[in-house]
Amino acid sequence: MSSADTTNDGVAKFEQPNRGFLGTVQHLLHVNPALVPLIVLVASIVVFGLLLGSKFFSPFALTLILQQVQIVGIVAAAQSLVILTAGIDLSVGAIAVISSVVMGQFTFRYGLPVEVSIACGLLFGTAIGALNGWLIAAMKLPPFIVTLGMWQIVLAANFLYSSNETIRSQDIAENAAMLQFLGAKFNIGGAVFTVGVLFMVLLVLVLAYVLRHTAWGRHVYAVGDDAEAAELSGVNVKGTIISVYAVAGLICAFAGWALIGRIGSVSPTSGQLLNIESITAVVIGGISLFGGRGSILGTFFGALIVGVFTLGLRLMGADAQWTYLLIGVLIIAAVAVDQWIRKVAA
Amino acid sequence: MKKLLATSAVALTTLSGAAFADGHAVTACLITKTDTNPFFVKMKEGAEAKAAELGMTLKSFAGKVDGDHETQVAAIETCIADGAKGILLTASDTSSIVSSVKQARDAGLVVIALDTPLSPIDAADATFATDNFLAGELIGKWAAATLGDDAANAKIAMLDLAVSQPTVGVLRDQGFLKGFGIDLGDPNKWGDETDPRIVGNDITAGNEEGGRKAMENLLAKDSGINVVYTINEPAAAGAYEALKAFGRENDVLIVSVDGGCPGVANVKDGVIGATSQQYPMLMASKGVEAIAAWAKDGTKPALTPGKDFFDTGVSLVTDKPAEGVESIDVAKGMELCWG
């Protein structure tokens, strides 16, 4: 150990280049990819807080935002994993919805115990994800195409299987309350949390840890950065990709469960825009669509930024179109900043 | 599963019917916004039943999602090429579709708009629809009558459909306000009223998730809301979940429009106070009859006197009838419900 240290001292000495202020900022952002979305998030909360006062800047309103972004937040965590491998998953929303339908229909149509139905739903989501991963890794098909197809297949299967029938909130509460478990809420001094919100936060923290500190996590980054180089250095690229899509499918199935908690009912038409919304959160969160760079915390902040803008602008009485317009601006700005930061690596 | 099998069986019969139809059978087309919404599923069932009864061939088309305009244009072109005698259309984009509709009419087809009027309404030969303004008016009157003197101090949340303000959403919204006794601004758009009783408008996309979010947003604006207008019953169910989370589900009046079976069940359970029920099967079967008449001797479909469309009727469903507002009870509503 000590000899290694001395070698480092002797050889691996790099001159710190004189970066100047802008360069320092650029470097700092490069090292902490979640910093930009965090700054934007804090700034937008402060601005809306100043404009709206206690109506917005209250534990109640701020935790309401958490509740409103929980589904997108969970799905975006799955999307982040996939995008870190330089892939994309357009089928996330469809997987979430069909998983929720499986949970509901298995309980109400076949009379299975609710725990079993939920397990089936989670398993089903995982299986679709694994199939996506297999088609991409083993059949070498582009992720965009595979998940574009899977999105249609799963959505159509969802409508065929469910006949688009809604299972009502009252029936669920009476016969299978566990389906709504992730919607259960608790108060802490005016702040309202749901189990689903807690799940989202824990999921993000666990994934952040796993991605940073486990071999699997490092492999995900390595595969996304340069799959060939990763393969040559002994990473099981195929296995990593399949596992990433399978885990993404599982997370989406959890999102489907959370969706039941949030809307009370099982509705086959919900969640149609989740794929676009999750990609939006990922991009605003500063994860590179080219893979291998970014942090899952950034995605979480990205989802929250969208939530803050949505609620803030609605409370100000602005036309809902302004929200979409500003989110469009944010997406382009986020990618522009990303490009600028990348120059540091070049 | 049984239902799935039944649906596939119906689909198969329709398919084989189309394939083996002889050259003399009259062909009619049904083009809906989607084929997933129970409302359109029921519409298709009504059209299929009537077509089978009259010995006609029905070909059904649908957009992939609500708002899918291109697929509907392609469907109209297919029907013209196919030599169909008439088209029943629920348009996704009510003004852009007009040029395609004109093309069909020029080719000698009768075009009937179902549920959603085209803009302008006379771009189609006729419109068979619910009087959506009346549907809104009924729930508005019911809400005002139920509140009694408190109606003067009501705090109303308006849960609308979409920012693009499709006509059906505007008509229901404005009808509700008129029925409640609120002065309208421009009756062709919502959101321009100045009455302080309106806490705000928000959009729901007509589903549960949208309904919950919109309700939360408006409750954050003013937690004293006690009357909630909703564009349809899924949005109402979502709004109820939000109210439940706020502990307000028992002291707020929710009204809605549609009359789907889950919605009527929600009226029974007290989630929704009253809902205006519409009749999609009737729209479709009347539409098929009109095409048959046109194919036979060129008879143009008639309109309801005093209206610029054929009114397929609407009934207020509630178990708490209010004085001066005609209504049917939940049991009757359940009998007539769709989806």
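Cβ coordinates are placed from backbone N, Cα and C, and glycine is handled just like the others.
Among the features that TrEMBL reports, transmembrane segment is placed at A:34-53 (among others).
Sequence annotations record features per position, and here TrEMBL assigns transmembrane segment to A:60-78 (among others).
Note on the transmembrane segment (A:84-104): residues 71, 75, 78, 117-118, 120-122, 124-125, 128-129, 132, 136, 143-144, 147-148, 150-151, 154-155, 157-158, 161-162, 167, 172, 176, 179, 211, 220-221, 223-224, 227, 240-241, 244-245, 248-249, 252-253, 255-257, 259-260, 266, 268, 270-275, 278-279, 287, 289-294 of its chain, located 6 or more positions outside it, place their CB under 8 angstroms from a CB of the stretch. Summarising the annotation, TrEMBL assigns transmembrane segment to A:84-104 (among others).
Positions annotated as transmembrane segment by TrEMBL: A:116-137 (among others).
Within its own chain, the transmembrane segment (A:143-161) has Cβ neighbours under 8 Å at 82, 87-91, 93-95, 97-98, 101, 105, 128, 131-132, 135-136, 268, 275, counting only residues six or more beyond its boundaries. Annotation comment: TrEMBL describes A:143-161 (among others) as transmembrane segment.
What TrEMBL records for A:188-211 (among others) is transmembrane segment.
Feature annotation from TrEMBL assigns transmembrane segment to A:241-260 (among others). Tertiary proximity for the transmembrane segment (A:241-260) is limited to same-chain residues at least six positions away from its ends with a CB under 8 Å from its CB atoms, namely 70-71, 74-75, 77-79, 81-82, 84-85, 87, 89, 92-93, 95-101, 103-104, 118, 121-130, 132-134, 136-138, 172, 179-183, 196, 199-200, 203, 216, 220, 223, 266, 270-271, 274.
Long-range neighbours of the transmembrane segment (A:272-290) within the same chain, counting only residues 6 or more positions beyond its ends whose Cβ lies under 8 Å from a Cβ of the stretch, are 33-34, 36-37, 40, 71-73, 75-76, 78-80, 83-84, 86, 88-94, 96-97, 151, 255, 296-303, 305-306, 327, 330-331, 334-335, 337-338, 342. Sequence annotations record features per position, and here TrEMBL assigns transmembrane segment to A:272-290 (among others).
Marked as transmembrane segment by TrEMBL: A:296-315 (among others).
The transmembrane segment feature in TrEMBL is assigned to A:322-341 (among others).
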### Query
For the transmembrane segment (A:116-137), what are the same-chain contacts with Cβ under 8 Å, counting residues 6+ beyond its ends?
87, 89, 91, 95-96, 98-100, 102-104, 106-107, 143, 146-147, 150, 154, 176, 178-179, 237-239, 241-250, 252-254, 256-257
## Note on the structure
Highest Cβ pair tally under 8 Å against the transmembrane segment (A:322-341), stretches A:34-53, A:188-211, A:296-315, lands on A:296-315
